[in-house]
Amino acid sequence: MFREGSRDDAALVKEGLFDKLEIGIASDVTIRDKWSCGEIKKPETINYRTFKPEKGGLFCEKIFGPTKDWECYCGKYKKIKHKGIVCDRCGVEVTLSKVRRERMAHIELAVPIVHIWFFKTTPSRIGNVLGMTASDLERVIYYEEYVVIDPGNTDLVKKQLLNDAKYREVVEKWGKDAFVAKMGGEAVYDLLKSEDLESLLGELKERLRKTKSQQARMKLAKRLKIVEGFVSSSNRPEWMVLKNIPVVPPDLRPLVPLDGGRFATSDLNDLYRRVINRNNRLKAILRLKTPEVIVRNEKRMLQEAVDALFDNGRHGHPVMGAGNRPLKSLSEMLKGKNGRFRQNLLGKRVDYSGRSVIIVGPELKFNQCGLPKEMALELFEPFIIKRLKDQGSVYTIRSAKKMIQRGAPEVWDVLEEIIKGHPVLLNRAPTLHRLGIQAFEPVLIEGKAIRVHPLVCAAFNADFDGDQMAVHVPLSIEAQLEAKVLMMAPDNIFLPSSGKPVATPSKDMTLGIYYLMADPTYFPEEHGGKTKAFKDEVEVLRALNAGGFILKDEICGSRRDETGRGIHIHEKIKVRIDGQIIETTPGRVFFNTIVPKELGFQNYSMPSKRISELILQCYKKVGLEATVRFLDDLKELGFVQSTKAAISMGLKDVKIPEIKKEILKDAYDKVAVVKKQYEDGIITDGERHSKTISIWTEVSDLLSNALYSEIKKQTNSKHNPLFLMIDSGARGNKSQLKQLGALRGLMAKPNGAIIESPITSNFREGLTVLEYSISSHGARKGLADTALKTADSGYLTRRLVDVAQDVIITERDCGTLNHIEVSTIRQGSEELLPLKDRVYGRTVSENIYQPGDKSNVLAYAGDVLTSAQAEAIDDAGIESVKIRSTLTCESRRGVCAKCYGLNLANGRLIGLGEAVGIIAAQSIGEPGTQLTMRTFHLGGIAATSSTPEIVAECDGILVYLDLRVVVDQEGNNLVLNKMGALHLVQDEGRSLSEYKKLLSTKSIESLATFPVELGAKILVNDGAAVAAGQRIAEVELHNIPIICDKPGFVHYEDLVEGVSTEKVTNKNTGLVELIVKQHRGELHPQIAIYADANMKELVGTYAIPSGAIISVEEGQRIAPGMLLARLPRGAIKTKDITGGLPRVAELVEARKPEDAADIAKIDGVVDFKGIQKNKRILVVRDEITGMEEEHLISLTKHLIVQRGDSVIKGQQLTDGLVVPHEILEICGVRELQKYLVNEVQEVYRLQGVDINDKHVEIIVRQMLQKVRITDPGDTTLLFGEDVDKKEFYEENRRTEEDGGKPAQAVPVLLGITKASLGTESFISAASFQDTTRVLTDAACSSKTDYLLGFKENVIMGHMIPGGTGFDTHKRIKQHLEKEQEDLVFDFDSEFESVAG
């Protein structure tokens, strides 16, 4: 555990010279002889008059050391010269008072006491060793019943429980000496001591081998694991019962006198006093031969007092202190946010730091921050003192401090000198990702606020409405070097989560640049409107300066003449640039003076998105230094131009569209029609609600677009400030513009449901009282959401960090041949995420060729794809690419650089020791918080998305693939299944069957793909030609229809009124509707179709789910395509990350979703087999092998497959979300990984948040680190045990080498919380959650923590094994190993010489 040497363990621990930590159970001997410096016999603490500790009490100086440095209790010895002397009068050693922080004592107990952790923490360790239930043990420990320890020659059984009456009866029958039965801790101690663990282990293994029941095997395996832990460690089971209690050093449980004769004390002192009082009383009682019943009660009270000391409230009612508050026990000291681990070890307050309000510093360079002089003086004080002493200005520290307080002129000179090249760290809470702490060169400023460069605000998520930031000074040379090289703001201009620039101009800067780069404006002839020509940029700039740089739209005739003087910045001009004549504007020429030449002449308008692209392009072409200079220039230019342009918004700039009245009237008419349909009973109330909302959503979009185009139109002649702000991306968006000038639109209730009647007024017109009241609903929801969800998001980040903290880059290349396959992500025909974005920066696992040309290699196996290569692959039309991934990485610890790919923060291959796990966790957690905070910005506006029709984007041939359709009476094709799609293909003159064959084998690519829902109406026939803009299909948004595909007569089956159906009179329409209701029993509601009215020949049956409304009558004659019933879809709720965050948590915690979908277990064809116990029996039959898999599906679930449908393994059979564990079981690890990554990404994509796949992959990798043993073979592993893959393969390798049978296991999916607790490091797990359980578990099996992860090293005060500490750790490990080898060698040679 420690480096070998002559010094004692404590000294080594102090110096941190250890590389592993072992935990175990302390024996009584250890507590009494090794830890303790004396026994505490009195409950007294300090004398209330003298405030001096009482002798032999809880603060005794003789035991714990002096309260004053170098001074004994009685005052005989004072000063350091008596160091080490033990006073002959008071017995106190003369030493430093700080020993009172480390010296412990003990209390000798009158009777053995059971340690509550080992008995009450589930699973009960004592119960498992003895094979007794926790309730039986409890009765013994708390002196309610006797337990037989030695049955002797009686008919009793060992460990049998006897109550008082039974005990007396047995004593009468056999005599008191014929057997041994005891109560309390003593009994448990004797039982544990007499337990033969070796033979128990053999017996358990034998029983495990013979048992067939899965449940019993799991139980036995758990018990076996605990027993094995004791056998393999140096722990003895009887040590779980205490005879001595250790007492914590007094300075860790202080007692502080307050004014007025009262004391503030740690709760531990009260708890210790209770134990001592009861213990002393019990000792006295035992000496006096008191009646058994009193003794027993006193022993029980002592057990309870010790329980309260270790874990108050774990057994019975907690012990209360003053003010009826439960006292904080030793367990509470460790647990939770304010426990020792999280409060003092993982997060400490640091010296050399300060905080202040921040203000904007537009004059600063990118790598600078403004530091108030007073603050700098305080922070750099020791540096100043050293410099002043070196200069000879002062000779003592005291005089230097006085000089600093005086503010002498030379102090300021020294300060200026010191801060040059000494970076400081700025941090803004909450630090959600690594960009929350960055280093800057300080610039001394007057005032008291810290100045921050405007471009770093986005990374810190800072604004200047009162935000504060903390400043930290890196002290050591190494820390300063790290801050300079790795943490400077210019090195952090890209997001580690997506690789996009984070330092981009925003707000005013964007507006200024956009205005400068605006499209050319046409000036009439009378203002000299001829297009002027210039020979070069210099001439343009000269002309601009001559005219005083006119920026207003009002054009002064006097300023313009034929010589071209006083040109306008938006005027169209011709200029020769690089030998070419370009049509541009003076503004653009001026902007290009700051653009690096390598980027070429920028001749287009510059909204924020394009600026961002330009920065990325600049970094790739000219490197970091030039990019940072360019960013500073952009900032400067942006602010100057927006100030000069003086763009401000007036009320009249908000134009109300003229067609508003017309559109609203039309909408009200449509709503009236829908209402009439409802009253006539054609549609349900749910459908009416959904249709109404669809109408208003459409109106909202129409008006929004009308308003936007009106403002845009006006901008062509004169800049509309509102349009400038929105189009440039400086402030606001279309949705907010819509509320200002069109209508506020639909509002949401706090529960997410949409209020039907929209707010038709806008802010320019003003809201009515009713509208204002409806508005307040959504606004308040936004505020409440923010408060609640921020906490949720922070907790999610914490769990993610904990699960991924030890994923570091440990090697360059693991050499794996495994890969994953990625392709473009599409939604319908829309491309959501192109292939190039998914493969950029990833390692290719096999050569990629130009399609149809094997000689042209686009990328070789092992290449890390550059953006140019990724672009080429995408342009070549390649569908999917095989890439290496952290999911398939085979590194023994952490992951390798090749499987991870590029570091997105700098575009280079990731370096060794990089903490990619923590980066991944922050990348996923940070936007969660951002988005939850962002909900209220829309003021609760219902943001729903609806697309009721599909329109062809280009000309082509329409091909149905995997679609079952029926032609209705109007000649339209109605879709009967859910799995198919419409494909638009290039017209190449082939036959329809050829197209279908080529599409199904993926031999040709479709121009567009449209997945179609059940019940969609296709308006174009299969194989027909379509033109761009033609309507192809209409989608049913409000209902899931059940459509008949054959003609015939209707017959109701199992549609029994009052049992499976009910007639409901619609309150509003008065019409009676037949609805299928949820029911219990053997009924299987369905509609059968017969060929004739006599019901002789059955044509088909249709299962009707509960909640469906039946649309046909018994005996009615129907034609194909007619609606039999319809199941209304749930009312539309707004899409919001509020729904999204819990979804991410549900995925990463691997929880089973509510109303989960059933999925097919094998490939085959669907059939039904009736009903059993209120469940529908659905069978999937493999037609080749004849194999069948039965699915019992609740009648309340809605099936999305029908009889005769072909399904593939893992395909959904019912509506709902899929259970991830089922995907793992049925489809395997690869499919599950793909599912989890895509599902998490979908939540973020919906909010427009860009996170690279590799981050999600790391989290998913950590969730799949373990396997569950199904057959232990000859290994030491246990049945049902979850072990690390690494450990499993190692154990199997060892067993196979020894000629044994290897173990079998299946992969297991763990949620992130469970995975964190299952980590190898017990220190890391204990600091996360379930502290007592983790520590108990670790102590029982004497676990060793090798300090490999980050958290455990931070807790132990070591350098972390990542980043710059990665190499250091490696070197130390090698050095220690070498030292140990030398030691062994020396020992051997010594041994030989002695033997010789």
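Heads up, the Cβ atoms here are built off N, Cα and C, so glycines get one too.
As annotated by Swiss-Prot, Zn(2+) 1 binding site applies to Cys72, Cys74, Cys87, Cys90. Proximity of Cys90 (Zn(2+) 1 binding site) to non-local residues of its own chain (separation of 6 or more, Cβ distance below 8 Å) is seen for Glu61, Lys62, Cys72, Tyr73, Cys74, Lys76, given in sequence order. According to DSSP, Cys90 (Zn(2+) 1 binding site) sits in a coil region rather than a helix or strand.
Taking the Cβ of Asp463 (Mg(2+) binding site) as centre and 10 Å as the limit, one finds 11 other Cβ atoms among all the protein chains shown. Look at Swiss-Prot and you will find Asp463, Asp465, Asp467 tagged as Mg(2+) binding site, backed by sequence analysis.
Counting Cβ atoms from all protein chains shown, Cys889 (Zn(2+) 2 binding site) has 24 others lying within 10 Å of its own Cβ. Annotated Zn(2+) 2 binding site per Swiss-Prot: Cys814, Cys889, Cys896, Cys899, in sequence order, evidence recorded as sequence analysis.
Contacts of Asp467 (Mg(2+) binding site) defined by a Cβ separation under 8 A and a same-chain sequence distance of 6+ are given as Val357, Ile358, Arg428, in order along the sequence. Closest to Cys814 (Zn(2+) 2 binding site) by Cα-Cα distance, out of the binding-site residues Cys87, Asp463, Asp465, is Asp463. Using a 10 Å Cβ-Cβ cutoff, Cys72 (Zn(2+) 1 binding site) registers 24 neighbours. Candidates Asp463, Asp465, Cys889, Cys896, Cys899 (binding-site residues) were compared with Cys87 (Zn(2+) 1 binding site); none lies inside 10 Å Cα-Cα. Take the binding-site residues Cys87, Asp465: by the count of other Cβ atoms within 10 Å of each Cβ, the lowest one is Asp465. All protein chains shown were included, and the count of other CB atoms within 10 Å of the CB of Cys899 (Zn(2+) 2 binding site) stands at 29.
Within 10 Å of its Cβ, the residue among the binding-site residues Cys74, Cys814, Cys896 with the fewest other Cβ atoms is Cys74. Taking only the Cα positions, the spacing between Cys896 (Zn(2+) 2 binding site) and Asp463 (Mg(2+) binding site) is 39 angstrom. For the pair Cys899 (Zn(2+) 2 binding site) and Asp463 (Mg(2+) binding site), the Cα-Cα distance reads 38 Å. Taking the Cα atom of each, Cys889 (Zn(2+) 2 binding site) and Asp465 (Mg(2+) binding site) are about 46 angstrom apart.
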